Amino acid sequence: MSQGGAAARKAAEPQDRGWAWMVLLAAVLLQGLTLGFPSCIGVFFTDLQHDFQASNSETSWFPSIMVAVLHGGGPLCSILVKRFGCRFAVMLGGLLSGVGMVSSSFCQSISQLYLTAGLITGLGSCFSFQAGVTVLGYYFVRWRTLANAMASTGVSLGFTLWPLLSQYLLDEMGWRNTFLIFGGILLNCCVCGAIMRPVQLTSESPLESPKPAEEPGRRAEGAQLSNGTSPHPEQQQQTRRTACFQMLQKYLAFDIFCQNKGYQIYTIGVTWMMMGFALPHVYLVPYAVQNGVEERRAALLISVIGFINIFIRPFTGLLSGHRVFTGRRIYLFSLAVLLCGLSNFICVISAEFSVLIIYCVILSIAMSGIGALTFQVLMDVVEMDRFSSALGLFTVLESITLLIGPPLTGLLVDITSDFHYVFYNSSFFLISAALFMGLSFCALEKKKLKEASKVPLDNHSRYQYNEMPTEPQSETQSPPVVVYITSI
């Protein structure tokens, strides 16, 4: 490239400066509005049960569907972003979220909430959040790691503020009017999306607005039609199967799951962990209220978790990035999951407010480690050129257990009339997942070292579990067109 072309390119780049910081501010708000929102659902648990005469299991389906769709809609969001761009996906998500919560305020049965607040709002939150994270990759190159870390503080702010606002509005005007107001608040995702204007590296080629990729089947049919021949039905069917397989391979990397032992162990472990991870968020407030804690103070418990996350999560991220932990982050992650599981026994011992505060502090520290390390460990076990595909399968599988975990536990509580089973279940899944991942990776590492001693040094690259570099890309490299990321 000539010097003049390079200068023109550099002049056209808005990355790491100027409007990029406004986009970062919008991303912080987006994460608070989307990922932070489900944290407040426990505040409405008792009122929804009373109004709809629903059991614990029936009521818990509503937040479970919302969280599962939020996490598992990554591949669908990925397709939407690739076809229409990040700005459109964020604004569409904001519209869906707002419409979902406004519709929820008119629901006459708990099953209607599954569709409105669960599916529609969850899908809208997924689009807004994941497209908002993707656009940061275009606006930041040198400071991309810092930008993502700062954006993740929005989740903690959401965890802190949503429960407090929910309890205040619930006391003042009831859950229906509160859901109506929430619909208006979530429409602000559209404002955040409007700020995320498409990036242009040159005046001719917008980076974020790719043309829709032509499907392999259509290319083949077009070639045959141009030759004056019509495709045979069997050929059409084979072409469609090939296109479908390529689509699955692109967004759901089953080949990596079958071949990469590290990815296989980690995906199974996190999927199993999610059966118990979300339980305290759903049932902590109703558990405290049932044991005599005032509703306002019970809502404060979730806010305590979010407030501590604001400070602990960045510290955990910096600590895990130290070279001492290179190649050992999976053990830090397993330790955080183990601590999260063990902390649940505090609730079993006592349900006094002061004891529950101690529980929230310890749980928040453990959650900070899990949230900061989840995707970092995934980058360590998967090659970065396949990270997007590996993340697609990872999020879809974890969304399944996020969906079924709370309702199954709610069914157990309905049968036994004992909320202690919430924390027993959560501890079982978290502790067993931590031990499985830690011991399995230890055995995998020993096997890798044993096999490595039998082969020449230049063949080590064929082993799957290698520490992958995670530094930001150089300015000459463009970020991937689609990256869908969830956060815990």
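Here the Cβ of each residue, glycine as well, is placed from N, Cα and C on the backbone.
The compositional bias 'Basic and acidic residues' annotation in TrEMBL covers 211-221. The compositional bias 'Polar residues' annotation in TrEMBL covers 224-236. Among the features that TrEMBL reports, domain 'Major facilitator superfamily (MFS) profile' is placed at 20-450. TrEMBL lists 203-236 with the feature region 'Disordered'. Positions annotated as transmembrane segment by TrEMBL: 21-45, 61-81, 88-106, 112-139, 146-165, 177-196, 265-286, 298-318, 330-350, 356-378, 390-409, 421-444.
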Could you tell me what the rest of the chain brings near the transmembrane segment (390-409), counting residues at least six beyond its ends with Cβ under 8 Å?
-> 57-58, 60-61, 63-65, 67-69, 71-75, 78, 251-254, 256-257, 263, 267, 270-272, 274-279, 282-283, 375, 378, 382, 421-422, 425-426, 429, 483-486
Is the number of Cβ-Cβ pairs under 8 Å between the transmembrane segment (421-444) and the transmembrane segment (146-165) three or more, considering only pairs separated by 6 or more positions?
-> no
Answer with yes or no whether the transmembrane segment (21-45) touches the transmembrane segment (146-165) by the criterion of at least three Cβ pairs under 8 A, sequence separation 6 or more.
-> yes
For the transmembrane segment (61-81), which recorded stretch in the set 21-45, 88-106, 265-286 gives the largest number of Cβ pairs separated by under 8 Å?
-> 21-45
Among 21-45, 112-139, 177-196, 298-318, stretch most in contact with the transmembrane segment (265-286) (C-beta, under 8 angstroms) = 21-45
Is it the case that the transmembrane segment (21-45) and the transmembrane segment (177-196) have 3 or more CB pairs under 8 Å, with pairs at least 6 apart in sequence?
-> yes
Is the transmembrane segment (298-318) close to the transmembrane segment (356-378), in the sense of at least 3 CB pairs under 8 angstroms with a sequence gap of 6 or more?
-> yes
Intrachain residues whose Cβ lies under 8 Å of the transmembrane segment (330-350), provided they are six or more past its termini | 266, 273, 276-277, 280, 284, 287, 320, 356, 358-359, 362-363, 365-370, 373-374, 377, 380-381, 420, 423-424, 426-431, 433-435, 437-438, 441-442
